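S.K.: I have a structure I would like to understand better, so I am pasting it below and will then ask my questions one at a time.
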Amino acid sequence: MGKFLIKGGNPLKGKIKVSGAKNAALPIITAALLADTPSKLIDIPHLRDVTNLCNILEKMGAGVEFENNIVSIDPTTLTEAEADPELARKLRASYYILGVLLAKEGWARTSLPGGCNIGNRPIDLHLKGFKALGADVKLDHGIVEVKANKLKGARIYLDYPSVGATINIMLAATRAEGKTVIENAAREPEIVDLANYLTVMGAKIKGVGTDIIKIEGVDSLKGAEHRIIPDRIEAGTYMIAAALNKGDVFVDNVLAEHLKSLIAKLKEMGIQIKEEISGIKVVSNDKLKAVDVKTLPYPGFPTDLQSQIMVLLTQAEGTSLVIETVWENRFMHVDELKRMGADIKIDGHSALIKPSQLTGAEVTATDLRAGAALILAGLVAEGETEVRNINHVERGYEDIEEKLSGIGADIRKVK
């Protein structure tokens, strides 16, 4: 299982490099199966989720090579349209197989996916989209099966701008007959990145990055080479780490336009932010101001940075308010932060944070971003912090201990 041991108080200085975006890599790797020829995908992070997905595709017969952050995929050897149920349960993104193989093979089956336990995350919107395109959908004892003789374009309104549903419907629609319109679509940069890859493959997609996406189906797609965008959540995590620890850190390989909401909040707290071509320089201030944060779908403040900024707010002067509107179980890290001395009160979907002197403690990561928050808390806490269940963290952060050590953090992984 492993754990991180962290001694707090070290100022962070230097340069830290951000990896490719996991949440872009997973749908793009799966989308490579849509093509009739191989693809080469660059800047893919070495993470457990990525490895699990590659293993799923290999078991389905696809040719997959993963080394030096490059994934090469040959879809021509694909023999199965069903994902291994044990592997699929470990990975929420395994549901993208449904949209891809429904479009290409007319049939797909997988078990209901896993991932972080941060609340009710149904795939109803995905299935509603598939049905609108003409698919038959069966859900039985945790197994999802989709079938269609020929998908036909449709106008689909999403009750909520779900990232997963937007991606899955877009994947299925690329090879459907006619035009598909997705209304109230999610606008995340990872969706734009996927659409850019699909377009190079020969797909006809317009409006990505807005709430209305239009897809004109094509008969076939060809493989392509594509470089994944930087991981904005990893970048945001390191920006917050720098702000916590009297930092003077250059966060390399960041697209600042993907982090406007975080940058605005950090500046509001009194932190110096300088946007450069290849990254963002963060210089901390001894006195941080309290701010209010409300999570929203992109381009609002990301729910995936809520737990991390909550740690930063414990070091601010004054009372801060955090309102979580995206996931209902996204405060699971709070009890662990309280073990370290954090003064946080929860009321429904809101958290009230007061200034706190954090001290080292034994804490447990309950999910990916909670784990990241506990690491950040350990970096600023007095004494030693032990973070357990780090398998959650390793699902989403490539070489996090080496990267943080490189800018002065005292962090090491032990068995």
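Any Cβ shown, glycine's included, is placed from N, Cα and C.
Just lifted these from Swiss-Prot, have a look:
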type	residues	note
ACT_SITE	Cys116	active site, proton donor
BINDING	Lys22, Asn23	phosphoenolpyruvate binding site
BINDING	Arg92, Arg121, Pro122, Ile123, Asp124, Leu125, Asp304, Val326	UDP-N-acetyl-alpha-D-glucosamine binding site
MOD_RES	Cys116	2-(S-cysteinyl)pyruvic acid O-phosphothioketal
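Help me picture these features in the structure, burial and contacts included.
M.R.: Listed in sequence order, Val163, Glu188, Glu190, Asp231, Ile233 are the same-chain residues six or more apart from Asn23 (phosphoenolpyruvate binding site) with CB atoms under 8 A from its CB.
Around Asp124 (UDP-N-acetyl-alpha-D-glucosamine binding site), taking its Cβ as the centre, 12 other Cβ atoms fall within 10 Å, counting all chains. Following the DSSP three-state reduction, the secondary structure of Asp124 (UDP-N-acetyl-alpha-D-glucosamine binding site) is helix.
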S.K.: On a count of neighbouring CB atoms within 10 A, which of the binding-site residues Lys22, Arg92 is highest?
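M.R.: Neighbour-count leader: Lys22.
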S.K.: I need the CA-to-CA distance for Lys22 (phosphoenolpyruvate binding site) versus Asp304 (UDP-N-acetyl-alpha-D-glucosamine binding site), whole Å please.
M.R.: 13
S.K.: For Val326 (UDP-N-acetyl-alpha-D-glucosamine binding site), which of the three DSSP-derived states applies: helix, strand, or coil?
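M.R.: Val326 (UDP-N-acetyl-alpha-D-glucosamine binding site) sits in coil per DSSP, no helix or strand.
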